[in-house]
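Asker: Residues or ranges marked as domain 'Aspartate/homoserine dehydrogenase NAD-binding' in TrEMBL: 13-148. Annotation source TrEMBL lists domain 'Homoserine dehydrogenase catalytic' at 156-253. What TrEMBL records for 263-296 is region 'Disordered'. The compositional bias 'Low complexity' annotation in TrEMBL covers 272-296.
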Amino acid sequence: MASARQVNIAIIGAGGVGKCFLSQLESLAARRQNKQKLVLTYIATSKKAVYSDSYSPIALDSVVSTLSSSSQAPLALPKLVDYLAASGTKTVLVDNTSSQDIADAYPSFLRRGISIVTPNKKAFSGSYKLWQDIFAAKEEGGALLYHEASCGAGLPVISTIKDLVETGDEVTKIEGVFSGTMSFLFNSFAPTSGSGGGKWSAEVAKAKELGYTEPDPRDDLNGLDVARKLTILARYAGLEVESPTSFPVQSLIPKELEWRRSRPRPRRRARLSASSAASTWPASRSRSVSRSSTSLTPLLRSRAVTTSLASTLSGMEATPSLSRAPAPEVMLPPWVSPAISSRCLLSYKPALIP
């Protein structure tokens with residue numbers, strides 16, 4: 001029988017972000033051993049999985065090799081929901097993918113009390129109905145949900161906006177550099193000093209190799225990645241944005257390359273705007289807050305996921321309080337690379353200032 005202090009961890013995705021996260025999970029588990037016992041009971045990629053009917057712990061120090069040699073297939077999402085819910089133990093699902101199918105299943109997990117930590121933007125920038133279903137299911141199941149890693153490389157933009165809105169402040173403007181990938185590409189292709197001006201395709205290939213881009217770099221180059229982030233932030237600021245196509249952006253991809261993907265794409269495609277520029281609301285008296293962070297490398301994405309997991313674990317053991325939650329145990333590195341940075345400036349009207 002599992003201890004009351006035990007928290008089961010289930011992971012989907014063990015690529016660049018997933019592998020970095022696994023190394024950090026081992027460290028997090030060691031640091032929290034006096035508070036909670038973290039037990040990895042399920043891990044899967046698109047083709048392989050490791051789990052048992054008895055929810056036996058999976059050793060963190062050898063999980064990568066165990067997964068690569070496994071002959072088990074991953075559970076279908078409905079069966080995974082049932083499997084995790086049947087454990088009788090508090091469970092956190094860590095989704096390290098960018099899968100729309102998994103994002104669509106979030107309400108099913110949350111409704112069964114399974115908390116979620118993820119950098120997956122698609123769950124929160126898809127249809128507005130999915131957004132509503134996710135948060136309704138979260139309340140129904142009493143689960144926790146953290147996705148700070150979906151915007152700003154884990155920079156606390158989402159939590160800052162949530163705090164402002166929940167305390168009655170009015171967000172009037174959000175602006176910034178929302179794509180660390182594009183920032184890297186432009187600085188590398190046309191640096192402010194030194195040599196540059198090589199082939200754009202070579203710079204894109206380099207960015208992908210370094211792990212700065214989305215799994216398909218075209219999601220960065222066509223503006224969709226930025227549009228997704230703006231959708232998420234706009235919704236938290238109180239706007240009922242239907243989808244990323246609500247923002248006009250201009251694609252940087254040649255038309256002949258737009259549709260060359262391994263899977264068929266929908267015929268209708270929204271016209272996208274290239275700018276990483278901001279979504280702006282009518283001006284008002286405002287204050288501003290700003291922070292900066294490095295780009296979405298696998299390391300930083302995974303650190304942001306680990307930070308969100310630490311927040312989730314703190315939420316599981318915390319007693320109700322009117323004060324804000326304590327700072328997560330895992331913090332981002334205190335350095336910023338100007339060549340690959342994400343920056344965000346928030347302007348807001350404080351509720352207590354006329």
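Note: Cβ is positioned from N, Cα and C throughout, glycine not excepted.
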Asker: Could you give me the DSSP helix, strand and coil counts for the domain 'Homoserine dehydrogenase catalytic' (156-253)?
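Answerer: Across the domain 'Homoserine dehydrogenase catalytic' (156-253), the residues distribute as 50 helix, 9 strand, 39 coil.
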Asker: With helix taken as DSSP H, G or I, strand as E or B and everything else coil, how many residues of the domain 'Aspartate/homoserine dehydrogenase NAD-binding' (13-148) land in each class?
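Answerer: Per DSSP, the residues of the domain 'Aspartate/homoserine dehydrogenase NAD-binding' (13-148) fall into 64 helix, 22 strand, 50 coil.
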